[in-house]
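Feature annotation from TrEMBL assigns domain 'BPL/LPL catalytic' to 41-223. Marked as substrate binding site by TrEMBL: R85, G86, G87, L88, A89, T90, F91, H92, A153, I154, G155, G166, L167, A168. For K150, the entry in TrEMBL reads site 'Lowers pKa of active site Cys'. For C184, the entry in TrEMBL reads active site, acyl-thioester intermediate.
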Amino acid sequence: MLLPAVRLVRLGRVPYSELLALQERWLRRLQAEPGTEDPPRTEAGALLLCEPAGPVYTAGLRGGLTPEEAARLRALGAEVRATGRGGLATFHGPGQLLCHLFFDSLVEGTRARERVWPFKPFAVPCAPSKAFPPPPPAPPYTGVWLGERKICAIGVRCGRHITSHGLALNCCTDLTWFEHIVPCGLVGTGVTSLSQELQRHLTVDEVTPPFLEAFKETYKCTLISEDTSN
């Protein structure tokens, strides 16, 4: 059986504003009526991978940052951005793998929650199973957890059978940036990274290959590479 094809776009390390602009272009392309795209669309969706070039705090559709808090975070040297994903405030920065997924026919007819859960099996492919204590119950615990420590945030927007946004996996992220907010509005919980849990430095480049293999297996698709990194 011929597997659906997903366009893999590797952006490398880019400013978050550039990622948002490209994300909106892909969203408009996939939401166009069949036969009206320019150029014509042949893939079932797209997978955008990147590493943020600098620190940025993002707020979801439920908010999470007051104007005063946003000003305080900017004073630390970080960007502050509003996004169309679900959830509250979180942090993105160097050492983090961002995966923005755009699906059409592969997820058509499924509910929003069913579009989110498939992220989980491939979100942390590099860590041995012994590193994973049982996760806390969900909701409100979306994402991937090691006990009470979140290692991967998930925020998805669904509309007109198109899933956008995705996940942020902490590989070798400077976790001190999270100390300036309540990540995703969950009081009393912490954050962690693959490097911290495995006690060795794991870069985004090292994590990406097994991540992509697990992605293909989870979604039963092939990947068509498009490398736009410098």
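Cβ coordinates are placed from backbone N, Cα and C, and glycine is handled just like the others.
Curation plays no part in TrEMBL annotations; they are all automatic predictions.
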Worksheet item: If you draw a 10 Å sphere on the Cβ of L167 (substrate binding site), how many other Cβ atoms land inside?
Response: 24
Worksheet item: Between A89, A153, which of the binding-site residues has the fewest other CB atoms within 10 angstroms in the structure shown?
Response: A89
